[in-house]
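To keep things clear, I will list the structure first and then write my remarks on it.
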Amino acid sequence: MFRRLLIATVVGILAAFAVAGFRHAMLLLEWLFLNNDSGSLVNAATNLSPWRRLLTPALGGLAAGLLLMGWQKFTQQRPHAPTDYMEALQTDGQFDYAASLVKSLASLLVVTSGSAIGREGAMILLAALAASCFAQRFTPRQEWKLWIACGAAAGMAAAYRAPLAGSLFIAEVLFGTMMLASLGPVIISAVVALLVSNLINHSDALLYNVQLSVTVQARDYALIISTGVLAGLCGPLLLTLMNACHRGFVSLKLAPPCQLALGGLIVGLLSLFTPAVWGNGYSTVQSFLTAPPLLMIIAGIFLCKLCAVLASSGSGAPGGVFTPTLFIGLAIGMLYGRSLGLWFPDGEEITLLLGLTGMATLLAATTHAPIMSTLMICEMTGEYQLLPGLLIACVIASVISRTLHRDSIYRQHTAQHS
């Protein structure tokens, strides 16, 4: 057991450096090509001319598509192992290392050029990849899946600063595949990854800065639960839209470079209306949490961002969908909160409260992982007073969504982009 905990610590350290490496590569490319050193793609888009704002996501998609197509032709004659940690965990615990690195590089290109896709997906993949490399060299074959799971959880902890949520994501999503007894090493890896990531970044700040002064009362619990019901209905709708967009892009029968470029061009067109559509949505979420906008502004940005996410994901852009889902959930919750705020004196606090609730419940509705979703929002914001209400609402959202749509967003996205 001591040996496993020691290996889990090493895996956590490797995962933290893998995530940091991807993050610094992003910052370097943004500085080189966008002249942006703020770390915010929304700021980068704001400072670009309309033509560059329009074409940059398309060019990034084109470059990523050419890379993926070239690699596919180069390796046409050899057998392929999984390039995703979920696939590796469901098979024999082995990766196609070269293909996974190419996939991560393609993700780096589309993410830094403004596509509305999550950077965290590639970060988690690289963390799992680093864990797999170490495991295959120093551990017996029957443990390989455990260390990939530890790497994925550690990558999630380093990317989102949420070690418990990262650990429980692995447990909830892989329920039946991984024994609960294995959670010890997973948690150790996740916590170590967070600590090392904090040292690398010279910061232990929360992912999102929120000033929620409300004390949760009976009325608020009712609003939180009703938001869970709303998210439970919206989750399957989002999944259906994503699936329909993917089928639409596939039906065009375009070569991968053209398909990804088309997705990027749509994002570029939408960014002419609002630069907030660029990127995974992190900076927009933070700005909404700092000062919730008015109803019509939320609605406008929400519609543009939703279309950008659908275009990026549907075109096959390699990347994650968790963070874009967080923004969509925040916007749905805030739209609901703004509507209710007309009848309550503390409308601003209700909007913020239901925005956070929307983030958690839509994540639960799309991932079918209610405990992870609850803990993730609490860990990212530090608002642990919301935990009881969020847990109830997330379970309700997950049950409703699972009833209406069998597959989670992660399994659907993996099936489409693997």
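Cβ coordinates are placed from backbone N, Cα and C, and glycine is handled just like the others.
Computed from a predicted structure; not experimentally measured.
As written in Swiss-Prot, here are the features:
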TRANSMEM  5-25  transmembrane segment
TRANSMEM  54-74  transmembrane segment
TRANSMEM  146-166  transmembrane segment
TRANSMEM  168-188  transmembrane segment
TRANSMEM  222-242  transmembrane segment
TRANSMEM  260-280  transmembrane segment
TRANSMEM  291-311  transmembrane segment
TRANSMEM  316-336  transmembrane segment
TRANSMEM  352-372  transmembrane segment
TRANSMEM  380-400  transmembrane segment
Stretch contact, the transmembrane segment (54-74) with the transmembrane segment (380-400), Cβ-Cβ under 8 Å, 3+ pairs: no
Recorded stretch that, among 5-25, 146-166, 291-311, 352-372, 380-400, has the most CB pairs under 8 Å to the transmembrane segment (222-242): 352-372
Residues of the parent chain within Cβ reach of the transmembrane segment (291-311), under 8 Å, 6 or more residues beyond its termini: 115-117, 241-242, 245, 263, 266-267, 270-271, 273-274, 276-277, 281, 284, 321, 324, 327-328, 331-332, 334-335, 337-339, 348, 351-352, 355
